[in-house]
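The structure appears right after this line, and notes come after that.
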Amino acid sequence: MASVLPDFVAHALLLNRAHVNFIMSLEVAGAGAPQAQGKFLGILVCWVLGNGSLFAWNSMLTIEDYYSILFPTYHPTRVLTIAYQPFAFGITCILTYHEAKLNTRKRNLIGFALFLISSFALIMLDVGTKGRGGLGPFIGVCIISALFGTADASVQGGLVGDLSFMCPEFIQSFLAGLAASGVLTSALRLITKAAFENSQNGLRNGAILFFSITCFFELVCLLLYAYVFPKLPIVKYYRSKAAAEGSKTVASDLAAAGINNEQSIQAEEDPKKCDRLSTKELLIQNIDYAFDIFLIYVLTLSIFPGFLSEDTGAHSLGTWYALTLIAMYNVWDLIGRYLPLIKCIKLTSRKGLTGAILSRFLFIPAFYFTAKYGDQGYMIFLTSFLGLTNGFLTGPEQNALGNVLVVCLLGGIFSGVVLDWLWLIGKGW
């Protein structure tokens, strides 16, 4: 998915942060000495960390073909999503409120560790129950889904806030990793499903292998953030500079890199260095952006993944059908996020952007009638277009508002997840 995710902040960003980052990036580019060292490796690590921030949750979404057979009467895709989102949304709001007092390094390490432990717990739960369904195992899976939401709120907010003090390439690489996560997990799921399709217990074995890969990937992310990223010279440079500007959340990161920061004390004594817009001021000045990002994800999550997984009927692709729809959504969402780089098609008008977002609500009747009367080709096309517009319209928004954007985005996701249940009206509900 993104998804996303279009696209989670712990620090409140200044409106002029882009200008500051631009000046800082010029300084690094011209320095040549140590603050420019390790930039390429830093960009690569940020991309991997972006993937890891959504990899576990996207893995749970793309395993729906297994869970729909294991728990056929519990609407697993919808229930797991609604177990996940309240924790992601609520904890993000809490952490955003207390962001100035938090230890960013510990927050991110706890988040990645929780991703790793929860992914391993899914494997142990399946092994312990020998792949049997039932209410007990399903409740266990729901609890793990809630833990994923908790880890998501911790990691994504902390990392975007951390990277916002650094060169623009880092945050761009991280957001690109978020967007690529859905494509990567879909590809891996299709491969593992195909590898075991004709073997005994093939679906279950493929699912276990898939989550084993997820565990390994989250372990890599944990180690990269703990031991590689903080020791890069360019990262040390930007964190030292952030501390000099008054940031109180990078002290442990500097300590991990072996830097005894004394400038932060001087910065705290100069309140002018710590001046920044309040959350309320950011929201008032950018209310249209906040409303737009909310509407984007209300619409998207009211269709994806619940409706696509459970309400599109049976077709010739069989158990591959829902996986194909999810994969197509993720691929076109990723493509859509890069389209704004083409200047001639980029939406620059705020009113035009809002109009395009409102027009997406035509997807609701389109999906309804396609599911009822259309064949799988039309549904695949419509799903691809849903992903393309989600990525394209999220692109202009993702760096605008910082933590205000995150709260609006997660609020839209949570609302969309709840509205997704309305598709079940008239189907025994």
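Even glycines carry a Cβ here, placed using N, Cα and C.
Residues or ranges marked as transmembrane segment by TrEMBL: 40-59, 79-97, 109-128, 134-153, 174-196, 208-229, 289-308, 320-340, 352-371, 377-393, 400-424.
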Positions whose Cβ lies under 8 angstroms from the transmembrane segment (134-153), at least six residues beyond its ends: 8, 53-54, 56-57, 60, 67, 70-71, 74, 76, 79-81, 83-92, 95, 110-112, 114-115, 117-118, 121-122, 125-126
Same-chain residues near the transmembrane segment (40-59), Cβ under 8 Å, at least 6 residues beyond its ends: 1-5, 8, 84, 112, 115, 118-119, 148-149, 151-152, 155-156, 159, 163, 166, 169-171, 173-182, 184-186, 189, 210-211, 214, 217-218, 220-221, 224-225, 228-229, 232, 234-235, 330
Non-local residues, at least 6 beyond the ends, that sit with Cβ under 8 Å of the transmembrane segment (109-128): 52, 55-56, 59-60, 137, 140-141, 144, 147-148, 150-155, 158, 204, 207-208, 211-212, 214-215, 218-219, 221-222, 225-226
Contact check, the transmembrane segment (352-371) vs the transmembrane segment (174-196), 3+ Cβ pairs under 8 Å, seq sep 6+: no
Recorded stretch, among 79-97, 174-196, 289-308, 377-393, maximising Cβ pairs under 8 Å relative to the transmembrane segment (208-229): 174-196
Long-range Cβ neighbours of the transmembrane segment (174-196) (under 8 Å; 6 or more residues past either end): 1-7, 46-55, 58-59, 61-63, 65, 156, 159-160, 163, 202-203, 205-207, 209-210, 213, 320, 323, 326-327, 329-331, 333-334, 337, 391, 398-399
Positions on the same chain near the transmembrane segment (377-393), where near means CB under 8 A and six or more residues out: 2-3, 6, 179, 292, 296, 300, 303-304, 308, 312, 324-325, 328-340, 347, 353, 356-357, 360, 363, 366-367, 370-371
